[in-house]
Amino acid sequence: MCDQTFLVNVFGSCDKCFKQRALRPVFKKSQQLSYCSVCAEIMATDGLHENETLASLKSEAESLKGKLEEERAKLHDVELHQVAERVEALGQFVMKTRRTLKGHGNKVLCMDWCKDKRRIVSSSQDGKVIVWDSFTTNKEHAVTMPCTWVMACAYAPSGCAIACGGLDNKCSVYPLTFDKNESMAAKKKSVAMHTNYLSACSFTNSDMQILTASGDGTCALWDVESGQLLQSFHGHGADVLCLDLAPSETGNTFVSGGCDKKSMVWDMRSGQCVQAFETHESDVNSVRYYPSGDAFASGSDDATCRLYDLRADREVAIYSKESIIFGASSVDFSLSGRLLFAGYNDYTINVWDVLKGARVSILFGHENRVSTLRVSPDGTAFCSGSWDHTLRKSCPRAGGAGLPIPEPAEAQLGPGLPPGHGGPVEVAHPPAANRLPGVLRPEARLRPAPAVLAEAAVMRSLSSRIQEHYQLSWTRFRRSPGNRVERVATAMQNVFRHPRGPSWGRVVALVAFAGFLLERPPASHTWALKEWNARVDRDCQSLGTLLCACLTGQHRTWLEAQGGWVSGARDPVRSGGVCGAGIPGQAHAAGTQRDLGAASVLGAFVSAARSV
């Protein structure tokens, strides 16, 4: 992107006229020479026939490009979205930030995943390269580079080394396995040397070779052990900003993008460009291969992402909206290839349906532009880096990347329900969701748990995820003095005040909140534990009675319409008392005996929530 493009003038002796002038790199038969601007202009005109000029040759080249585009257009018989009309559309895709990695003192510029799906390496403008444990957010290694703007970093396939570089024009490799008395800096190895800043780097399928891209307009393949240049790639007319290696283990191609608005596919064996695409209107900031290797996506400062099919040799899709006016800085595919994640300079991450071309989600959270984004090797999460100095690890709410995701107002109740009754339960949150502790939000994922009774299985599968999601915000209610029953009653009034009335999602969230308040605190004395048990037994029955009274009183009509309570005795276990949406049963006539039975069921629910 233009904000990270630097111009470096090198002064020295021209290889042709031997005068001390500003030099520019010139490649003659794959040999790099340093010519001044005058000699470079003379060299460009060498071999011209009579009446030929550079302007006429440029005009001829443009006309040939036009003819090639016309031939491509003849094969353009159908659009991707037309072919994908028979494919089922994805539902709303809801994501949540699970971990925030803090430690950099300036803009995060690049990051990469380790093959173990746990560790992350990141580089920053502060000159630091940090290796993170994404599970615990701990920093495992840190390296201070000799310059700021460390613009590239990569993890070796074995996970035993990292590579990084930036304004020092070098690519340095640091081993992560060393003796206790040694430091990473002492084991540093300078592998690559460019004549301008290093913008990107990536190991090949082994630790022994590495690809680099640079602001000098070239890419290069290096031997890590000897530091020898194995192959150079010349063709870009300006800074190369990004590259990506083909996903196949035997693949010998990679794609690069740069400030010349081009995306170019290279053969690593011959060093030749085999395909080139120039449809963007501004710098190409990021390129990423499709998981199958038959296509690649690019993100540009023109505020669009584009998909190119290598077999059709053309652009097949554009991902953009009129409301998106900021450039795309980084792109990556989900493991299945159905989703395209794109980080933008407006601080957001947009998720696109690759086949339909529609945006299915937007992720907020960063406080500055998103500079880098990568999906984890197993496809279960992705990590984004930003100019707000942080990295954020995010996961989808339900399902997996590339799979249809349910609408945010629905969540499936899985194990624990009788066969044929796994219908959706509404969990849409009211406007008061941000201030009420007991409201179930769509981001709360649902996972099954071992079932003892039908109601206990339902309660455990929901409340475990709810309590995990709201643990930090609910802790202040448990620690602050006050009556538990009154606190739940206040939350219940606010929740059921919603114009749409009660829903099973809100009921279950209230029960989970009540169970959370009854969790056993750490007790160092036996007498404290006995006192707690006495209070909990009393409050547990009170909370069950309170929730039951609300549902069988003010909301009795809704309860009976939903299949309500099944209770004919005071012992809900023996009588089969069940509470749940879509669970079979008949609402008995109102009476004290039934209400007491329902209260016992809710008491069992609260106990189940407390035991999670």
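Each Cβ is built from the backbone N, Cα and C atoms, and glycine gets one as well.
Copied over from TrEMBL:
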- 51-81: coiled coil (COILED)
- 456-565: domain 'Bcl-2 Bcl-2 homology region 1-3' (DOMAIN)
- 101-133: repeat 'WD' (REPEAT)
- 191-232: repeat 'WD' (REPEAT)
- 233-276: repeat 'WD' (REPEAT)
- 277-318: repeat 'WD' (REPEAT)
- 330-362: repeat 'WD' (REPEAT)
- 363-392: repeat 'WD' (REPEAT)
Proximity of the repeat 'WD' (363-392) to the repeat 'WD' (101-133), 3+ C-beta pairs under 8 angstroms: yes
DSSP helix/strand/coil residue counts for the repeat 'WD' (101-133): 0 helix, 20 strand, 13 coil
Surrounding residues of the repeat 'WD' (101-133) on its own chain - C-beta under 8 Å, 6+ positions past either end: 4, 139-155, 157-159, 162, 164, 166, 174, 176, 200, 368, 371-372, 374-378, 380, 383, 385-387, 389-393
Per-state residue totals over the repeat 'WD' (330-362) - DSSP helix, strand, coil: 0 helix, 19 strand, 14 coil
Residues of the repeat 'WD' (363-392) by DSSP state, where helix covers H, G and I: 0 helix, 15 strand, 15 coil
